[in-house]
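Trainee: One structure, pasted below without further comment.
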Number of protein chains: 2
Amino acid sequence: MEKRTYIGDLSQHVGESVTIMGWVSVRRDQGKMVFFDFRDMTGSVQGVVLPKSAAIETAKDVRVESAVAVTGLVNKRPEKNVQEGKQNGDIELQIERVEVLGAAATLPFELGADLHLETHLDNLPLTLKTQRSRDIFHMQSSILDAYRTSLKLQGFTEFVAPALVGGDAEGGSAVFKVDYFNDKTAYLATSPQFYKQIMVGPFERAFTVAKIFRAERSATTRHLSEATCMDFEMGFIENEKEPMRVLEKTIKDTVKFVAEKHADIFERFHTSVPLVPDEIPILTLREAQDILGVPHEPDMEPENERQICEWSKKEKGSDFIFITRYPTKKRAFYTYEDPSESPYSRGFDLLFRGLEINSGAQRIHDHDTLVARMKERGFDPAKFVFYLQAFRYGMPPHGGSSTGLERFTARMLEIPNVKEATAFPRDMTRIDSRLSEAPEFES
Amino acid sequence: MEKRTYIGDLSQHVGESVTIMGWVSVRRDQGKMVFFDFRDMTGSVQGVVLPKSAAIETAKDVRVESAVAVTGLVNKRPEKNVQEGKQNGDIELQIERVEVLGAAATLPFELGADLHLETHLDNLPLTLKTQRSRDIFHMQSSILDAYRTSLKLQGFTEFVAPALVGGDAEGGSAVFKVDYFNDKTAYLATSPQFYKQIMVGPFERAFTVAKIFRAERSATTRHLSEATCMDFEMGFIENEKEPMRVLEKTIKDTVKFVAEKHADIFERFHTSVPLVPDEIPILTLREAQDILGVPHEPDMEPENERQICEWSKKEKGSDFIFITRYPTKKRAFYTYEDPSESPYSRGFDLLFRGLEINSGAQRIHDHDTLVARMKERGFDPAKFVFYLQAFRYGMPPHGGSSTGLERFTARMLEIPNVKEATAFPRDMTRIDSRLSEAPEFES
C-alpha cells in the first residue's frame with residue numbers, strides 16, 4: 001500500500017504524485033471524463049479522470065460513498081477554475097489509479113436529501129455520514145470537551161457513576177428493570193444524583209458525564225429513553241447561587257469554545273452563536289409568570305418556557321435564562337428549602353432557546369431533615385441506607401446541577417428534535433431498528 | 001457566612017484572620033489545648049485551639065470527619081516546629097471559632113484502617129474519603145483525561161455509544177436483559193464495538209468512553225458486572241499495527257501525564273511509574289508460549305500473563321507487552337483474518353503488570369465475509385441488519401481497541417482487586433449494599 005497523504009495536506013504536494021484515501025462524496029460522469037469529490041477526516045478535494053487515464057474503467061463503476069484509495073497528480077487549477085475560500089479550491093487531483101477499498105451498494109436515497117426523521121434513523125450507519133450529521137456530532141464532541149475542561153479548571157474532579165442501581169434512585173420517574181443475578185432485580189439509573197453527592201465527600205467538587213434512563217411513556221421532541229447528562233456537585237456553598245455561577249461559567253466557556261471552533265457549522269445550520277451576556281438573567285418563577293401574564297402555577301408549561309426565552313433574548317440579549325424559586329413540593333425530595341423561604345425551594349432551571357437544558361439546586365445536607373423529607377414523600381428510608389451514610393459522616397451544605405447533552409446540542413444548532421442530536425437514539429418504538437417490525441435481512 | 005479562604009492559599013495570609021472550610025481529618029485532645037488537621041480540596045493544614053479560645057467547647061465536641069467552617073489566625077510556626085516539604089508545614093491556624101456545618105457520627109472504624117474489602121465496599125460513602133481512595137480516583141480521573149486528550153490529538157472524535165441495545169451485540173458473553181416498553185426485551189451493551197465501527201463512516205477516527213455490562217457468573221479480582229471501557233476505532237489501516245501504534249502512543253501519553261501529576265500518589269502506594277520503552281515489545285502468542293515453555297494452547301492463562309509480563313519487565317524494560325496472532329477461532333466473529341496468515345487473526349492484547357487491560361484487532365470490512373463469519377459462528381445475520389448497513393455503504397479496512405479503565409487504574413497503582421479501582425463496583429453479590437442481606441435502617 002502506498003503512503004497515504006491526507007487531503008488536508010494536499011496543497012503542500014503540488015506537482016507530486018500522491019495517494020489519498022477516503023470516501024467518494026460526488027461522482028459526475030461527463031462521458032469522456034469523470035469528476036469526483038473525495039473526502040477524508042481532514043477535508044475534501046476534487047479529482048478528475050482524464051479520457052486516457054488507466055483509471056477510467058474503474059472510475060465509471062465506482063459508486064458514491066465507496067471507500068477508495070486514489071493515486072494521482074496534484075495539479076494547480078487554471079486561474080479561471082480557482083474556487084476562492086474553499087479548501088483545496090486551487091488544486092485538483094489528476095487521477096491515475098482508483099482502488100476500491102470498500103464498495104458501496106447503490107444508495108437507497110441521495111445522501112443529504114431531506115428525509116423523514118424515521119427514515120433518517122432507520123439508516124443511521126449511512127445517514128450519519130452526511131455533512132449535517134457529521135456537523136451535529138462534531139459539535140456534540142466539542143460541547144463535551146469544553147464542558148469537562150471548564151469544570152476541571154473550576155476545580156472539579158471527574159468520576160464514573162454507575163448505571164446499574166439497586167432501586168429507583170429518585171423514586172419518581174418510571175424506571176427500567178434489569179434481570180440481575182440470582183433472581184434479583186436491578187434498575188437503570190435515572191440520575192447520578194446520589195453518587196455525585198457522595199463524591200462531595202472525597203473531592204468537594206465532583207463531576208460525571210453519565211447515562212440516565214427513563215421509562216416514561218413520552219413521545220415528544222425532547223424525550224429519550226437513554227440520555228447523557230453532564231452533572232456536577234460542589235460542597236461548602238452558602239446557597240444555590242454558587243452552583244448557578246459555576247454553571248454560568250461552564251456555559252460561557254462552552255459557547256466560546258464552539259464559537260471559535262465551529263463558525264462553519266453555525267453557518268451551515270443557518271443559526272448564530274448563542275448570546276450569553278456576562279451575567280445570565282435570573283427570574284423567579286413568579287416573576288416569569290407575571291411577565292408572561294399567566295397564572296401562578298407551580299411549574300412552567302413548555303410553551304411558557306419558549307415565551308420567556310423569547311423575552312430574555314429580546315429584553316436581556318441572552319439566549320439563556322435561569323428560573324428560580326419553584327415550589328419545594330414540585331422538586332426532587334432532596335432539594336433544600338430554607339424555612340425563611342418556604343414554600344419555595346433553592347432549585348433552579350436553566351432554559352436555552354426555549355427548552356430546559358439544566359436543572360439544579362442546593363440540596364438538603366442534614367441527615368434527619370433528609371429522612372423526614374423521604375417519609376413525607378412516601379419513600380422508605382431503608383431503601384436509601386447506602387446513600388444516607390454520606391449524611392452521617394460530615395456532609396457540608398452542597399449543591400449542583402445536571403445538563404442534558406443531547407438537549408444542549410439540539411438547541412445549540414436549533415435542531416427541532418433531540419433525537420437528531422443523539423447518535424443512536426432509543427425511544428418507545430426504537431432501538432436502532434424499529435421495535436414494531438421484524439428486521440428484514442438483505443444479503 | 002465569612003469569605004472562604006482555601007487551605008492551599010493560607011501561606012499568602014500569614015498574620016491575617018481567615019475562615020477555612022473543610023473536614024476534620026485528625027483531632028488530638030491534649031486536655032487544655034486541642035489540635036486539628038483540616039483538609040479541603042486544595043490541601044491540609046494544622047490548627048490549634050488554645051485554652052482561652054472561645055472555640056474550646058466546640059473543639060472538644062466536634063468529631064473526626066465533620067464538615068466545619070473554622071475561623072482563625074494564620075501564624076508562622078516557630079522554627080523548631082516547621083515541617084519541611086509538607087504543605088503548610090511552616091504555618092498553623094490559631095483557631096478562634098469552629099462552626100459545624102455537617103456533623104459526623106462516631107465512625108464505625110478509624111478512617112484509613114486496613115479493612116476487609118467487603119467492609120470497605122459496605123461503607124463507601126465514608127471510605128471513599130480516605131487518602132487511599134482519593135488517590136485512586138484522582139489517578140482514574142487523570143487517566144481518563146490523558147487518554148481522551150491523546151486520542152483527540154491523534155485526530156479522533158468522541159461520540160456517545162448507547163448502553164441499551166436490541167440484542168447481544170457480540171453474541172458470546174452473558175448479557176443482562178432489560179424490560180423495555182410494550183413487553184419488548186432490551187439488553188445492556190457488552191461492548192460499544194458495533195457503534196464505533198459505524199462511526200468510522202462519519203469520522204474515520206472515533207472514540208468513546210462507554211459503559212459495558214457482563215452478566216458472567218465470575219467472582220474474581222478482575223471482573224465487574226459494570227465496567228468502563230475506553231474504545232477507539234480507525235479507518236483506512238493496512239493491518240493491526242496501526243491501531244497498536246495509536247494505542248502505544250495513548251499509553252505513553254497517559255503514563256507521562258500521571259507521572260508528572262501524581263508522583264506523590266505513586267509514592268504513597270509504594271509503587272513506581274510504569275516503564276514504557278519507546279516501542280512496547282510485541283510477541284506472538286506462540287513466541288510467548290515458547291519463552292515460558294508452556295504448550296501451544298489457543299489462549300493464555302492468567303498465570304502465564306503474569307509470567308510473560310515479568311519477562312517483559314526484566315528483559316525489555318517494559319511494564320507493557322503486546323501479544324498478537326491469537327487463533328481466529330478464539331477471537332470475536334468480526335476479527336480480520338488474512339488468508340495468508342490463517343488460522344491466526346489480526347487481533348492483539350495489551351498486558352500491563354500481569355493483566356490484560358486492552359484487546360484490539362483489525363476487523364472484517366467486507367460485508368459478505370462478515371455475514372459468512374456470522375453464519376459459521378451460528379449467529380443469525382438478520383439480528384445484525386442495522387449494523388450490517390455500515391458494510392453496505394463503503395466501509396474501509398479498519399481496526400481499533402478497547403481499554404478497561406478500572407483494570408488500567410488498578411495496575412497503575414498495583415491494587416490487587418479491580419473493585420477497589422471502581423468508585424461504585426457492581427458484582428454478583430453487590431449493588432452498593434450486599435444483595436444477600438436486607439438493608440437495615442439506622443435512623
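Every residue gets a Cβ built from N, Cα and C, even glycine.
What TrEMBL says about a protein is an automatic prediction, not a curated fact.
So TrEMBL has the following annotated:
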DOMAIN    A:137-425  domain 'Aminoacyl-transfer RNA synthetases class-II family profile'
BINDING   A:E170, A:R214, A:S359, A:R363  L-aspartate binding site
REGION    A:193-196  region 'Aspartate'
BINDING   A:R214, A:A215, A:E216, A:R222, A:H223, A:L224, A:E356, A:G404, A:L405, A:E406, A:R407  ATP binding site
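Are these features on the surface or tucked inside, and what touches them?
Mentor: Sequence-distant contacts of A:S359 (L-aspartate binding site), defined as residues of its own chain at least six apart whose C-beta falls under 8 angstroms from its C-beta, comprise A:G347, A:F348, A:D349, A:L350, A:S401, A:S402. Secondary structure at A:S359 (L-aspartate binding site), as computed by DSSP, is strand.
Counting same-chain residues at least six beyond the ends of the region 'Aspartate' (A:193-196), those with a Cβ under 8 angstroms from any Cβ of the stretch are 159, 161-162, 169-170, 206-208, 231-233, 332, 334, 384, 387, 400, 402.
A sphere of 10 angstroms centred on the C-beta of A:R214 (L-aspartate binding site) encloses 18 other C-beta atoms.
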Trainee: If proximity means a C-beta under 8 angstroms from chain B, which of A:E216, A:E356, A:S359, A:R363, A:L405, A:R407 count? These are the binding-site residues.
Mentor: A:L405
Trainee: Nearest to A:R363 (L-aspartate binding site) in three-dimensional space, by Cα, is which of the binding-site residues A:E216, A:E356, A:R407?
Mentor: A:E356
Trainee: By a simple count, how many Cβ atoms lie within 10 Å of the Cβ of A:E356 (ATP binding site), its own Cβ left out?
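Mentor: So the number of other Cβ atoms within 10 Å of A:E356 (ATP binding site) is 18.
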Trainee: Three states by DSSP: which one describes A:H223 (ATP binding site)?
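Mentor: In three-state terms, A:H223 (ATP binding site) counts as coil.
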Trainee: Non-local Cβ contacts of A:L405 (ATP binding site) (under 8 Å, 6 or more apart, same chain)?
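Mentor: The list for A:L405 (ATP binding site) reads A:Q140, A:I143, A:L144, A:V209, A:A227, A:T228, A:C229, A:M230, given in order along the sequence.
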Trainee: Which number gives the other C-beta atoms within 10 angstroms of the C-beta of A:E216 (ATP binding site), all protein chains shown included?
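Mentor: Counting Cβ neighbours of A:E216 (ATP binding site) within 10 Å gives 15.
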Trainee: Return the residue, from the listed binding-site residues A:H223, A:R407, with the maximum count of other C-beta atoms within 10 angstroms of its C-beta.
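Mentor: Result for the most crowded candidate: A:R407.
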Trainee: According to DSSP, collapsed to three classes, what secondary structure does A:L405 (ATP binding site) have?
Mentor: helix
